[in-house]
Ligand code: PEP
Ligand code: MG
């Protein structure tokens, strides 16, 4: 059995033989750049038509953008010049487009990054075409659906397959917003991205299971894992059928307790589609995307505009904006942050903001003024100590006073809450609850810090185990502490979207979940089929356990 851990790409559970999609040198004859560009153009146009037919205008746009790039002298002229100067054609195509792509990427922002990806894909496509390189894959007989596995899948790669046979996609490259993910979501195909080691470790045709909710990809499973996955497949099938029916409904448990299901967003565009389902506000707006430029910080106006877009789209529901959570694995070039030996234990989140007052004040000002006539809450990441809340409150007061004096309208009653994602804050939950307005538990970090296991390190994935009794006792403790103090507690880490934990969290007394938009229907459905009495009994049984493997089995069963 091989277990690879990736990032959840598109929701759903998929099973099937694995088809490895390889790009290999040799094969067909070499072509001139002009011939190669014409060949690529033909393919791209055909894919535009296919995508337009199968998915619609919005998705097909990717290919019209490629078409324009393939006809653009800005892109082709430097490649030809490099070939004329003696660089091998394929190398020239990759290198010259890479230069252009890097210039675009350095402009920062998600949009530019995606355009940079487009140019890089075109470069690779051209390189494949000029060198006579070929893609190779072996489809299973008949009409059997399969899992398509690759180092990277461009939209061109993905769309050449018959979508009805694509059970799932899994790639080594790609982040949660890559084109692979966007396409997979529109095709309704489960996907896992960022799963390192596929091409070396996975055998062609082996039986595979992927979980687009958790990012797991398992090949040649042992019997126990296979049975567990089969169960997930079946549950997901049932769930899919039911989800449509709860789209417009609020979440109540079977016995009538109202539970909030909010969404996590990372940029204003994530609100697209939110209007089509009932949800209870934005439980986590990660603001880091605003700081993705390599060279300059965002202006107050730029930030205000982004916050306002989300606040307006969510109105009349509440939006919780998390202040800048940079540091750890996320760096900002212009801050000249010193290299740290242990960045996850270093200057990140609220620590960094309190040391960079100007950046922090500007962000607070942008949040308060964006919500002048609307609803917003402010949430601090990586809190460990009371003074971080108090210092922030003092800064907030100063920002408010300045705005008042200037006569600038701002949100006067924005609550201040904290993420509980460090053991220190979790242990101190009872005390901290007296000093802030709400908690949101960031399980992604909390699990890594409790278990002392890097959340992104595949080697310690087994140690990074949310079923561990230490993690679960801590969660129960924080939820209870919030309830005792009468403040709102939510979970906004990935655990909130993991259906295995829904009943348990309800049993702990959780009243608010915040999950990625595609998960809202599934979580609501699960809540609507849970009885609180049963959930509490499960919580009691789980908390009595000492062994994470036993707990994991109990949760699978529940
Ligand atoms: C978390 O740590 O659970 C969380 C929600 O924050 P992030 O994933 O952005 O660190
Ligand atoms: Mg976190």
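Cβ atoms are placed via backbone N, Cα and C, with glycine included.
Annotated features in TrEMBL:
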type     : residues                : note
DOMAIN   : 5-115                   : domain 'Phosphotransferase system enzyme I N-terminal'
ACT_SITE : 179                     : active site, tele-phosphohistidine intermediate
BINDING  : 286, 322, 444, 445, 455 : phosphoenolpyruvate binding site
BINDING  : 421, 445                : Mg(2+) binding site
ACT_SITE : 492                     : active site, proton donor
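Projection of TrEMBL feature records onto the structure.
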| residue | record | Cβ neighbours (10 Å) |
| --- | --- | --- |
| 179 | active site, tele-phosphohistidine intermediate | 21 |
| 286 | phosphoenolpyruvate binding site | 18 |
| 322 | phosphoenolpyruvate binding site | 24 |
| 421 | Mg(2+) binding site | 26 |
| 444 | phosphoenolpyruvate binding site | 16 |
| 445 | phosphoenolpyruvate binding site | 22 |
| 455 | phosphoenolpyruvate binding site | 20 |
| 492 | active site, proton donor | 28 |
Distance, residue 421 (Mg(2+) binding site) to residue 455 (phosphoenolpyruvate binding site) (CA atoms, angstrom):
12
Starting from the Cα of residue 445 (phosphoenolpyruvate binding site), work out which of the recorded positions (179, 421, 492) are within 10 Å.
421
For the domain 'Phosphotransferase system enzyme I N-terminal' (5-115), residues assigned helix / strand / coil by DSSP:
72 helix, 17 strand, 22 coil
I'd like to confirm something. Which of the recorded positions, 179, 421, 492, has a Cα closest to the Cα of residue 286 (phosphoenolpyruvate binding site)?
492
Roughly how many angstrom lie between the C-alpha atoms of residue 322 (phosphoenolpyruvate binding site) and residue 492 (active site, proton donor)?
11
To the nearest whole angstrom, what is the C-alpha distance linking the residue listed as 'active site, proton donor' and residue 444 (phosphoenolpyruvate binding site)?
9
Under 6 Å from ligand 1 by C-beta, which of these recorded positions make it: 179, 322, 445? Sequence order, please.
445
